């Protein structure tokens, strides 16, 4: 797909793959869609519950958004729909404003999806896709770990069957201590069984000694959550477990909602705006990084602005079809790709299956125990809690490690959105802090070569009349004073000094503050009969310097190489 | 002074100059102190008025702070005392909270000085002097221009003798339109005369044709404001100008206040904290840049943390001696240095003269017209309004130019502190924005050399199997996606590609986000049978990379020079 795309293909990437669509591709897509659907049904219902919404809304969220992404999106395998982190953020946004599960809450969830969609669409149309880079890897990793932890904690309320708070770990602990004595042991037993089932069944099936050697093995291992769901429904139904206090999903309306605008007014929009913005950002980060992971394999064009537009349209449709915010799901996308999906048609097919489920099988899920659904969430989300990455990050870079801890503590101790914002801001501050502490070295000639090295690390030749300095950072207002202090101190040390040469090989730009510092410093040096020179100035920096006055008035010279500078300046003395 | 300082000399820099103090130095100091005092008396009173305080407080603010700076400060010529911008900021902080000139207002001004002092002292003790670099030159320039403009506008209320607002230009215009018809023409005439006197008398005195050829010429030209003040007092006194509505300074208490703690409570402290922080920052920026301007001449050690401590102690003493926030004055420092001051003793002497004025001559200033005092402020402040620097900055750098305009509009249209904060934040955002758009080039070999250049700008040799890339910025999360997009696009273009080499000569650091991107990219490339190599990695970056796992698993190599990489990789193919 390296040829140039037509205008229509840029707007509707679906046109690219539809051109060559055939029976073989369809078979591959159909197979993978069946595998994905086995994961999608329990996930969709569980994530709706996580967002504080009726499980059926998870099904709604898996249909139209997926179909629209297939038309507008660039990734062939990305599976769009309900996702744990986004559902958690939806819950965090709505729960402080409205009563959980009330009609207003549900309407607000739809409105939130609509707003997330509009924000994403606008960002994409105005080409703000680059904004994704504002969030660094350590922050996003730490955010995911901390959110997963909060999500797992939050599910304990269904397993213990007590009203636990889970906006942050402190609230959780407080409410846990308060309701500790009310733990419902039948629910707990069921939940624990479900967790063990989900963890160990796939392991047993993959154990080398007990190898299941039939064709559908991979499919069954992925369908474990679905098997559990079906088994638990049957158990509840036959043994009337509701009678011993096991809570279930309850009556689910069948049929499929018609498109409708959710209730809105300006006041509500303003209340939801911060949450919607955060959700739009995170859903974009998640979705794009998942899509990128598979993009190179297909040598496909993946345009971040087009992805924002596709995600925006998907979320708008979610808002209009009684669903809640959606994004690309890591687990389902990986399974989809592994199962051999070739085009987004696989996604379209899986959403058609969901329609069938919504129309004819919702009654079946009435007896699904909440503790089992919570267990599926806990097991799938726990894979994201990777504490090892804290120590690995810390080992590579203290700055990145600090950002990770700040984000983690922010999310766990305050709340999911505040923690994310604090984490993002901390990375900016740490980056600026790093820029303000550039590496500056006095350099000398390595004898017998034309190379210059730090005089403190290497044995080098220096001249008492010449001070050579190298700075390993672009010059900005943030490091101007550091450089000036350094220069003043070095100059004050050397009584016989006649020349100062700054090696500019690592300087990619010089801002006005730095330029004026150099200019002032040159004037001061001139009064002391010392000349300031530059060497190895890069092309773009030189272009800029030519725009300034200083370059015409400076007393020193600009040398192509540092070696040349030293040679000429030592010669002059003799 | 390049020898090592003792511990005592670090804490009390005064010990350094006291060691060698003698009669000759004293004579030089005495002379310059006399010249400075002629400027200081009218300035001190005018700036107190600018802060909304009784003029006598300006005299108080010029005594103890100066003496303490002489003991603790590092600059021999810096003149500490009331300064226009800081007085304006004091006014902006206090006037929304208290009734102008009321006893509470005056007490709050003392408390503000005390808080500014404590903030500066703490920042100095904890070595936060580097914080000065947070404010870029364009922001500080623009801030000074905009504040000077607001100060000049604010003085018009004394010249027109109508109650004009001057927190921002919009308020000013509104109140001007409202009170336009009440302009008091006698005050206006006096003010205009004073302005013309202040502008043209020094010019006439310096005119080559009318050269005053006596020894005290320089002194007289600097004493012009003092001459004007004395003349106007005599005029008002003899002609009883109060009778025609000319407002004067009025009764000034003689004597000198005893040290006392200003009234305070926690509520008040919290209200003043934002203002105090801003004043502490700006007073530090002003003071240090003035001190630095003369530091190199004396080859003196100027330690920014020690300067913060000295400034802190000065302001604390200002707060305890019924004065208001002080800092280094540009105009007086320059005059002091030009007049030959050798040590801070010059400052001590000038403060002793102020004590004499406060004790015996305050009665004399009772008849000083406010319009004249306002005229001295306007003329001296107008020198700071340098609109030319907007176009010069814009010419050198659009980014710096944008920061300048944002600061200017913020100060002029909102208020002095908000404008400054907006300006500072805008520079951070613009800097991050610049980092996120690094210059990336595909490079090729300049034939007959070992140099590599941008293929778009130069005629170079490339190999269809090898992609060479150079990025002119350290790799951080802010530019990781830009680099990745660039790489993915370039790789997708070349069907025969076998090697990608990233030239790292301009990369001073690689953060975790960038490292992981490279790692992922390497994995994706490997699946396409393409190898990723690095060349010309700097020492500190290499040290960091060795801490990561990737470097051990990477499929490509790290080459010392790009030329070597190309040579070896082309050889292998053959």
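From the backbone N, Cα and C atoms, a Cβ is placed for every residue, glycine too.
The shown structure was predicted, so the numbers you read here are calculated from the model rather than taken from an experiment.
If you look up TrEMBL, you'll see A:30-50 (among others) marked as transmembrane segment.
Taken from TrEMBL, the feature transmembrane segment covers A:56-72 (among others).
Residues or ranges marked as transmembrane segment in TrEMBL: A:79-98 (among others).
Summarising the annotation, TrEMBL assigns transmembrane segment to A:104-126 (among others). For the transmembrane segment (A:104-126), same-chain residues at least 6 beyond its ends with a Cβ under 8 Å from one of its own Cβ atoms are 51-54, 57, 61, 90, 93-94, 97-98, 262-264, 268-269, 272-273, 275-277, 279-280, 283-284, 305-320, 322-326.
TrEMBL lists A:138-159 (among others) with the feature transmembrane segment. Counting same-chain residues at least six beyond the ends of the transmembrane segment (A:138-159), those with a Cβ under 8 angstroms from any Cβ of the stretch are 49-50, 84-85, 88-89, 91, 166-169, 172, 176, 187-188, 191-192, 247, 282, 285, 289, 370-371, 373-375, 377-378, 381-382, 384-387, 389-390, 393, 400-401, 403-405, 407-408, 410-412, 416, 419-420, 423-424, 426-427.
Annotated transmembrane segment per TrEMBL: A:179-202 (among others), in sequence order.
According to TrEMBL, the feature transmembrane segment maps to A:223-241 (among others).
A Cβ distance under 8 Å defines the sequence-distant neighbours of the transmembrane segment (A:272-296), meaning residues of its chain 6+ beyond its ends; these are 73-78, 80, 83, 85-86, 89-90, 92-94, 97, 108, 111-112, 115-116, 119-120, 123, 131-132, 135, 140, 143, 302, 304, 307-308, 311, 315, 325-330, 333, 337, 417, 420-421. Marked as transmembrane segment by TrEMBL: A:272-296 (among others).
The annotation transmembrane segment is assigned in TrEMBL to A:308-331 (among others).
Taken from TrEMBL, the feature transmembrane segment covers A:343-361 (among others).
What TrEMBL records for A:368-385 (among others) is transmembrane segment.
Per TrEMBL, transmembrane segment is recorded for A:405-433 (among others).
Annotated domain 'STAS' per TrEMBL: A:456-569, in sequence order.
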Annotated stretches the transmembrane segment (A:56-72) and the transmembrane segment (A:368-385) touching (3 or more Cβ pairs under 8 Å): no
With Cβ-Cβ distances below 8 Å as the criterion, list the same-chain residues six or more beyond the ends of the transmembrane segment (A:368-385) that contact it, or say none. 42-43, 45-47, 49-50, 55, 84, 144-145, 148-149, 151-152, 155-159, 161, 187-188, 190-191, 194-195, 197-199, 225, 228-229, 232-233, 236, 241, 246-249, 331
Can you tell me which parts of the same chain pack against the transmembrane segment (A:343-361), counting only residues 6+ beyond its ends and a CB-CB cutoff under 8 A? 14, 17, 21, 25-26, 28-30, 32-34, 36-37, 40-41, 44, 56, 59-60, 62-64, 66-67, 69-71, 73, 75-80, 254-256, 336
Cβ-based contact of the transmembrane segment (A:79-98) with the transmembrane segment (A:179-202), 3 or more pairs under 8 Å: no
Between the stretches A:30-50, A:179-202, A:223-241, A:405-433, which wins on the count of C-beta pairs under 8 angstroms to the transmembrane segment (A:308-331)? A:30-50
May I have the DSSP-based helix, strand and coil counts for the residues of the domain 'STAS' (A:456-569)? 53 helix, 22 strand, 39 coil
